[in-house]
Structures are given as C-alpha cells and as structure tokens.
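Chemist: So Swiss-Prot lists the following for this protein:
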- 101: active site (ACT_SITE)
- 104: active site (ACT_SITE)
- 232, 268, 296, 339: Mg(2+) 1 binding site (BINDING)
- 268, 271, 307, 309: Mg(2+) 2 binding site (BINDING)
C-alpha cells in the first residue's frame, strides 16, 4: 500500500543547530541521561484519537481535515486504512508506544454484538501491526462518554442497563489491552459527574462509581492482567462537575472504596489547568500520595475555560515536572502520551509531525534540565535544610505519636519556646531554577 506520508522517510535527530523542521533537535533516543537512554526515560506515546480520529470539527464548524479514512465507506475497511496510516506515523516518528480508546480503532456498530465482533477483528489487525513495527501499546481504554446513551454518565448513570453496557465495553477493552501487551489500562470518567444537583443523588452516584471501579479491579485480577490501572482526573467538561476532579479528590474516592492500593493516576497537564492547579502541583501531589502512574503530556490555555489539548511547548513548566518524576524514580509502566491535537487551521498532514516533534523536543530538553537539577542537588539540599527541625528529638517524637497535644503545650511552656520565622527564600530558588534553564 502506498505510504500516506510519502514525502518523509523517518524523523531523525540532527542536533540543536539543525534548521530541518522534520528533525529532532533535542530528542536523541540513545543519549544517556543519568545512566539511562533518553527513550527509556521518556517512554513517548502518540494517541489514536486526536491524531487520527478528530476530523477538525468544533462547536462552530464542520470537519476541516478531509483525511482519506474519514470519508464515506465500509467501516471496517476504513478502520484498517486508519491503522495502516497510524503505524506508518508511529514508525516514522520513532515513538515506542501508542494509546487508544476502543472506538478509535474499531467501528462501534449498530449493536453490542457488532461492537464486540468489530473490535475483535481490529485487535488482530493491531497485533499484526505491533509485531511488524515493534511499536507497543502503552495503554488502552473504553470510550464510555461519546455515544448518546452515556448522556448521564456510564458508571454513574441512573439506568443500570447503561451501567451494564459500559461494563461490557470495559471488559472488552481491558481484555484487548491485555491481549495486545498493554502496560496500563486507563479509566477516564468523561461524563461521571453532574450538570445540576436538582436531578442528582450524589451519594447514589458515588456508590455506583465505587462499585464499578471495584469490579474493574476484580476483572483485572480474573484475567491475569499485570498492567497498572489508571484513573485520569478532570474537574469538568463535558459535565459541570466531575467526581474525579483532581489528584487529591481521586485519592479520597479511592480510600473510600478501598482501592488506593489498586489504582494509580494518569495526570494530564490541561486537566490540571482546568482544576486551577499547575501541572507541577498535580504531578507532585500524585507522587506524594503514592498514586503516580503516567502522564498525558499537553498544555491548556489559562485564558480559556475548556480543554484545548495543545502540544506541550514550555520547557520551563516541564523541567519541573520531569524533576519530580526523576526524583520519584521515573516511570515504571507509564509514560508520556501526547494527548494533543493540531489546531483546526493546521490542515497539512505533516502538521501532525510538526506538533509531535516540537513536543518531543520540549520534553527531551526538560528531561536534560531536570537531570542537571538532580545531579546538582541544590534544591533538595535547600528543602532538607528547611525541614531539618523535624529530625530533632522533638520533631521525631511528634511524628512517631509519642507526644499528645497537651504534651506539646506543656513542652512549649516549660521550654519557653519563642520560634523565629526563617526565610523561605522563594526568589532565590526561582533564580536558581532559571540558572538551570538558561545558563547550563
């Protein structure tokens, strides 16, 4: 079959002085960073949905891209053509992983039986493509939010028959992910929330969602899937309020239903923006709670109240994110999935490469800067100094539960405590970070 991207062989690393827009300037897969290949640190993935499924339509306009596989025709044949182009893209871009929703790769069909049969055929196609290319599946998931049946949610739907349909999709998608060697399975509750409390039973919906997640965990163990289950937090859109608002909210939910040891988090940069947080905050929070799993690397727009899903281009922001990830030991089963799309006006097919190349260079440069911060150790040293009092006898007695509130009140009076505030030196530390960014 003729190549779709016929004007490009493969994207290659050419160094920072290259002016070739279809070459990497900073991402060198084989470059060693802290003793590990850059490719192994970053674990890049391209997503099926934004890259090959979105046709450029938005709230105010029809599709603008005119991709060959988005034309009228036999649904399975078009899905196979889309898979051909997708794996050509993955190969030429040098991404080791990809991600999908079930209906990204397979036609949904007119019935549950058609859905299952279509998906089974496409899983065989994908398995063959993976074997030919060496590209692996980072994670799979089920789209339980687009079809009108999910207008009031999937697991939180007031109709148990809708709940059951969603369960079928998740079973099918998880088993497909398992068959394809996927390293994670993602649960994003696109409509697991509410539009108004006037018709919503919050307690009931939380119980439904909790039971659904428990069943997902049960099925994972039943089929022997060894990958990581991931929830992807998002505060709103398409619903007004979603139950997986942010990392801290999801932690509380998991604790409520006894799932905190079974499920981790897939953190998306743009979702952090919508929740009123920095990307850095959400990553650091997930790590602090022991829930860090994977990343959807993109960016939002603080001036817009929706999920713009732009490609990451801020080295400053992502250097701090990669610093937190490296300090925590790096990715295990997770990676950096580009949940990002070209703009509607970017209608040239090679714009898909420009977006991903820039994003991969951004994250590669961020990784190298983060590695410098790790090797220098100055930030860690400053934080250790700031909290050093907790290593004292008093600090350790408090943390080990050896002193009560009344004991502390007595201690403070007996020792005539008069602590003096120590400077946080925020400005100096910001200058230090700029030194790593611009002077190293």
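For all residues, glycine too, the Cβ spot is worked out from N, Cα and C.
Since we're looking at a predicted model, the values are computed, not measured.
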Chemist: Taking the recorded Mg(2+) 1 site as 232, 268, 296, 339, identify the other residues of that chain whose CB atom sits within 8 Å of the mean position of the site's CB atoms, giving them in sequence order.
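Modeler: Close Cβ neighbours, site residues excluded: 188, 266, 267, 269, 270, 271, 295, 298, 337.
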Chemist: Should any of the recorded positions 101, 104, 271, 309 have a Cα within 10 Å of the Cα of residue 339 (Mg(2+) 1 binding site), which are they?
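Modeler: Cα filter at 10 Å returns 309.
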Chemist: Quick check: which same-chain residues outside 268, 271, 307, 309 lie with their CB within 8 A of the centre of the Mg(2+) 2 site CB atoms?
Modeler: 234, 269, 270, 273, 274, 296, 298, 300, 308, 339
Chemist: Which Cβ among the recorded positions (101, 271) has the fewest C-beta neighbours inside 10 Å?
Modeler: 101
Chemist: For residue 268 (Mg(2+) 1 binding site), what residues in its own chain, 6 or more apart in sequence, show a Cβ-Cβ distance under 8 Å?
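Modeler: Listed in sequence order, they are 232, 233, 234, 295, 296, 298, 339.
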Chemist: Whole-number Å only: compute the distance from the Cα of residue 101 (active site) to the Cα of residue 307 (Mg(2+) 2 binding site).
Modeler: 18
Chemist: Tell me, by DSSP, whether residue 271 (Mg(2+) 2 binding site) is helix, strand or coil?
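Modeler: In three-state terms, residue 271 (Mg(2+) 2 binding site) counts as helix.
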Chemist: Do any residues at least six apart in sequence from residue 104 (active site), in the same chain, have a Cβ closer than 8 Å to its Cβ, and if so which, in order?
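Modeler: Result: 48, 49, 52, 53, 143.
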Chemist: In sequence order, what residues of the same chain, 6+ apart, have a Cβ less than 8 Å from the Cβ of residue 307 (Mg(2+) 2 binding site)?
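Modeler: Spatial neighbours, sequence-distant, of residue 307 (Mg(2+) 2 binding site): 234, 237, 270, 271, 274, 300.
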Chemist: Check the DSSP secondary structure of residue 104 (active site), expressed as helix, strand or coil.
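Modeler: Where residue 104 (active site) sits, the three-state DSSP reduction gives helix.
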Chemist: Run through the Cβ atoms and count how many others sit within 10 Å of the one on residue 232 (Mg(2+) 1 binding site).
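Modeler: Result for residue 232 (Mg(2+) 1 binding site): 22 other Cβ atoms within 10 Å.
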Chemist: Return the residue, from the listed binding-site residues 296, 309, 339, with the maximum count of other C-beta atoms within 10 angstroms of its C-beta.
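Modeler: Max Cβ neighbours within 10 Å, all protein chains included: 339.
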